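Per TrEMBL, the features are as follows:
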SIGNAL    1-28  signal peptide
DOMAIN    29-130  domain 'Phytocyanin'
COMPBIAS  137-165  compositional bias 'Pro residues'
REGION    137-188  region 'Disordered'
COMPBIAS  166-184  compositional bias 'Low complexity'
TRANSMEM  188-209  transmembrane segment
Amino acid sequence: MGSQSFLGFLLVIFFLMMVGFLSGSSQAYQFHVGGRDGWVLNPSENYTIWAQKNRFQVNDTLFFKYKKGSNSVLVVIKDDYYSCNIKKPIRSLTDGDSIFKFDRSGPFYFISGNADYCNKGQRLIIVVLAVRPKPQPAPVPVPQSPSPVAAPPSSSPPHLPPSPVESPSDSPTDPSAPEPASGHSSGGFTGLGGLVLGSSIMMGMMFGLA
């Protein structure tokens, strides 16, 4: 019982770990722009290289850490990104600890609110991966009614007329069977008996005359 209880305990722990892993993998992730340096002019890792090393999905967030009042983050269109135009941003982040959430897939353009910083390289492009639709279950084919199958031909042998019964005279003679006695043999036996009988009568007549 002790080993079974311990095994059950391990199974429960494994199950909880799997649930936590699956739930954690489905949650959004927050990326710290610039790492420990934050949103600065010259980070230890170039913003472009940093963005290429990561994969961004819908509902992920970017965290911008910077000094409030001296810098800011502007979300702009593509043309304003390359021209460092800070006059008409899509969105402006100025609180010093700014969080931006990706609400769609595709490219996002970020520049510093200081045009001079932007021209010196403080800008960032993020490409969010497209959302993959959940696979739909394959339609179940509707079974078709089977077509009627012709009955196979009967396997019984064809009807044949009865064979004629052979008469005894038509049956072949067995060569090993004894042959019946011929008429000559029976006739010879009858003649011999008559000769003996005649001789007896004549002898009786001779003895009577004497």
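Every residue number used here counts from 1 along the chain in the order it is shown.
Every residue gets a Cβ built from N, Cα and C, even glycine.
Just so you know, TrEMBL annotations never went through curation; they're auto-generated.
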Item to complete: Write out how many residues of the domain 'Phytocyanin' (29-130) are helix, how many strand and how many coil, based on DSSP.
Response: 18 helix, 36 strand, 48 coil
Discussion item. I'm checking region-level scores; what's the whole-number mean pLDDT for the domain 'Phytocyanin' (29-130)?
Written reply: 96
